[in-house]
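Going by TrEMBL, these are the annotated features:
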type	residues	note
COMPBIAS	26-36	compositional bias 'Basic and acidic residues'
REGION	1-36	region 'Disordered'
TRANSMEM	55-77	transmembrane segment
TRANSMEM	89-107	transmembrane segment
TRANSMEM	170-190	transmembrane segment
TRANSMEM	202-225	transmembrane segment
TRANSMEM	245-261	transmembrane segment
TRANSMEM	273-292	transmembrane segment
TRANSMEM	304-324	transmembrane segment
Amino acid sequence: MSDISSEALAAGRGEQNGKVQTSHHPKTDPKQDEKKGYYGIPPIKRAHWTWQIPVYFWLGGITAGVALFTAVSKLVGKEDPAVTRLGRYFAVVSMILSPVLLIWDLGRPERFLNMMRIWKLRSPMSNQSWSLVAYGNVSGILMLKQAAEDGLLGRGGIARLVARLVPHRVLQVLALPLALFIGSNTGTLLSATSVPIWARNWMLMGPTFLASGVSTGLSFISLVLNLLRTGRKDTHHTLQRAEKVMLLVESGLIAASLARMSRWGKPLVTGKIGALFVGGTLIGGIAAPLALLSGKETRNKSMLTSVLVLLGGLAFRFAVVLAGRKSADDPQAYFSFTRGENAPQPGDKI
């Protein structure tokens, strides 16, 4: 009698073989199997980002590349006034556009101000916000000096005072690490999440974004100088050599990143995202520019190379962000990653 009562009670609670059943997800539901997913529901919330964030990442990378070339040229005694002028003016433009893109994505401007209430050293987002503020102020002062030297502030006492008092050498040294941090931290922001494809590549995400940023920054300088028909001949030659080196570095880091991502990197190389990444970045943004840079230097070929690198860098950021959204929507990828299966496996293939 007691056995019958126990069975009836278990049936009333929806138990079968000691496990609770539900009307929504019976045990016969294959999606309830932990290995197959989370009832088909993404276990983590994917990034809501639209086009503003990849463009912001791209702009931050260009800023880092321009600042690096400008500073190094000055340090080695090969400063080109045309490059210095371009670097100082572009830095301010990028620091105006970057907060606009971020606030546009947030939807409510006051949310950006929340990041300014406190500085959290262990928060990539907080560090990025404060680095934008710091670099914006430094680049703004340097732009004032450049404007004074160019006569844009007039020829009066204020212009002479600005040109004389601004410690441009000190500010140039301060600007470089800030710009490099902005360029690399765009990748760090992604890796500091629970998204498998991003979190798996935490070690290389920042360096890869920085290398891509420096590459696009060099191409931006080269493109503008060629369009304006300015800059010394040796500057153009140095830019082409530097572009070639950075493209090789970038390709090496991307290859290492794909190996590091292992099977969690599949969203980046399959489907429409894969077409964007392989066609837009690997072929159009790296392989084709390297082929163009290997021959004789000409103005038209240099401009084409610069455009391809810039578009390839933009495609790279869109592909990485879109792949992250797809990775976040995959329950199996998330659970296999968090269960400790993210250690390299013998049969891992992307």
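Backbone N, Cα and C define each Cβ position, glycine as well.
Against the transmembrane segment (245-261), the recorded stretches 55-77, 202-225, 273-292, 304-324 differ in Cβ pairs under 8 Å, and the greatest number is found for 202-225. Comparison of 55-77, 170-190, 273-292, 304-324 by number of C-beta pairs under 8 angstroms to the transmembrane segment (89-107) places 55-77 first.
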